[in-house]
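J.: According to TrEMBL:
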type	residues	note
TRANSMEM	B:6-23	transmembrane segment
TRANSMEM	B:28-45	transmembrane segment
TRANSMEM	B:65-84	transmembrane segment
TRANSMEM	B:96-115	transmembrane segment
TRANSMEM	B:135-150	transmembrane segment
TRANSMEM	B:162-182	transmembrane segment
TRANSMEM	B:202-226	transmembrane segment
Amino acid sequence: MILLPRGNPVKENIDPGKVQLPDALQKLQKGNFTGYLRFDTTRGVGILIYDKGRLISALFEGASEREIAYDAIALIFECSLAGNANLNIYRLSSELAMSIHALLHGQVLYKGQEVKLLDIRGLLGKMKEDRITGCLRIYTSDHIALIFYREGNPLGFFHDGSTDLEKSAENSLSVAKLPGAKIDVLTAQISEEATMADLQASADIRALWQKAHENVTRDKRSREAEVARSLEEREKDRRQKVLGLLKGVAEKSLGRIGAQLADKEFNRAMNGQGVVSEVVLEDFYQRLGKAAKLVAGPTTVKQMVDEMQRGIKALMKTD
Amino acid sequence: MDWNIVQLVLWLIAGIVSFYFSIGNARVWTSIAVGFGLILLGELLPQAMPFLPGASSPQIEAMSYILGTISILVMSHGFQEYYVFSRTLELEGNKLLVYVATLGVIFASMIFILINPAPTPSTLKVIRVVEDTNWVFLSLINIDLIRKIYINVKDSPISKGFIAFMLVFVFIFLWRGSELYIQVYDLANPDVSRLFPFRYELSQICSNVGNLLAGLSVGGTFIYLARLLR
């Protein structure tokens, strides 16, 4: 789970599967967008960070996977197309975008420390002493605030709704006062923006999108085929059980020829259908009843059909 | 004891039971039941001739033998159909077609008799030999066919009925075989029977007992079948 404060929202709660993402990214590029796109998908969270229209960072983090750059973009596309994804776009200042990029690619020093159990003053002193460049992330389940540090000195604060690094600690520290608040300590190399490569310029985004499309379609087809195969297997198994029961009852009532008649009339009633429906069974009872009259009287035939119907009812309940 | 009256009464019962059975049961029984029912007519006509004014014509006697021939052919056809069903579990046709086809053959036979010269005693004897020959050989074939049907439908409620039918055809074979023997060797001719009195007497007894038991067993078998198919 990637914990980032929500910046200034540009668009929220978009289904990225219904958007032509290459076109949308191109618009962001042409519009010199600075900020980040957050993709919440079933497999994990994807983040694309823009700085003045350049895609400077791409990250995808799932339960057991972490991809960056082109692989992350490809995965974000795939997860978006697979459905059940949510896209939020937030505007940030360039400085904040770079800081967030550094944070996402940094290292975790301490994770999930309870604020109320922590000596904050001691922690800040230690950061200053060790000249740590990075970030303090303070969060609850609903709110997140970041405090950026360069060589042990605070650079600024970032919390939900801000677009730039703020100098006031008020909002950020208010998160620390919330019940259940936790702190992560992260270290990062804050890069100069000039050194950052534009992933969108160096990658064929449309080709990645097309490939993701193909993968998702193939996966979907394969899943559908698997479901169909499994359904077919289950129905075949059910058909065998039903036929076994019908033949057993027919053999008990009419002898060996009864089992043969049940087999034949069942196949005729099925008439190539895959599913043993009520209609099929009704047709079967009629056909068998007619054929069975050649070897047994109406009383025996009726008793046999009644027993079959009871058996099928019980079988359907257990299935 | 008058054998003829006893036999006639038994065939009357058997004929009525088998016709009744053909109406209330599956199509495959129609040919068998109609065939057995026709035996009644074949038996009734010659017995009734002395009492019916104007019925002593050779055409009526010829028709009674032809009816006998049609009856064994129809019932053999019925057993063949049942055998095919027991092997393939397939059955086609309908009851009405069996009734209409049987009536059609009877009608065509009547036309054939009427458009030809009145049958002489010699012609009547030939027609009767043809009838008895059919009965004798088709009885043997039917015994084998019914044995095969029994094997196929063994364990079914109807199966024991087929054992009864085998018994019926054994009696019919005895009855018709004895008659055929008498006809072929002309044992009914007093000149011949005087020379072979034992053979003639024995054949006569076999014929009468066979006829009696056949009538009895046909009626009994259909009543038994009706119980099995309740």
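Using N, Cα and C of the backbone, Cβ positions are placed for all residues, glycine too.
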J.: With a Cβ cut-off under 8 Å, give me the same-chain residues at least six positions beyond the ends of the transmembrane segment (B:28-45) that come close to it.
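T.: Same-chain contacts beyond the ends: 7-8, 11-12, 14-16, 18-19, 21-22, 55, 60-61, 63-65, 67-68, 70-79, 81-82, 85, 91, 95, 98-99, 102, 131, 218, 222.
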J.: Can you tell me which of B:6-23, B:65-84, B:96-115, B:135-150 gets the most C-beta pairs within less than 8 Å of the transmembrane segment (B:202-226)?
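T.: Maximum Cβ contact count belongs to B:6-23.
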J.: Which listed range (B:6-23, B:65-84, B:135-150) shows the maximal number of Cβ pairs under 8 Å with respect to the transmembrane segment (B:96-115)?
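T.: Comparing B:6-23, B:65-84, B:135-150 against the transmembrane segment (B:96-115), the winner is B:65-84.
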J.: Residues sitting near the transmembrane segment (B:135-150): Cβ under 8 Å, six or more positions beyond its termini, same chain?
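T.: Long-range Cβ neighbours of the transmembrane segment (B:135-150): 68-69, 72-73, 75-76, 79-80, 82-83, 86, 159, 162-163, 165-166, 169-170, 172-173, 176-177, 180.
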J.: By a Cβ-Cβ criterion of under 8 Å, what residues six or more beyond either terminus of the transmembrane segment (B:65-84) are in contact with it?
T.: 28-39, 41-43, 45, 90-91, 93, 98, 102, 105-106, 109, 113, 124, 127-128, 130-131, 134-135, 138-139, 141-142, 145-146, 148-149, 152, 165
J.: Should anything in the same chain at least six residues away from the transmembrane segment (B:6-23) have a Cβ under 8 Å from its Cβ atoms, list it; otherwise answer none.
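T.: Beyond its ends, the transmembrane segment (B:6-23) has Cβ neighbours at 29-30, 32-34, 36-41, 43-44, 47, 95, 208, 211-212, 215-216, 218-219, 222-223, 225-226.
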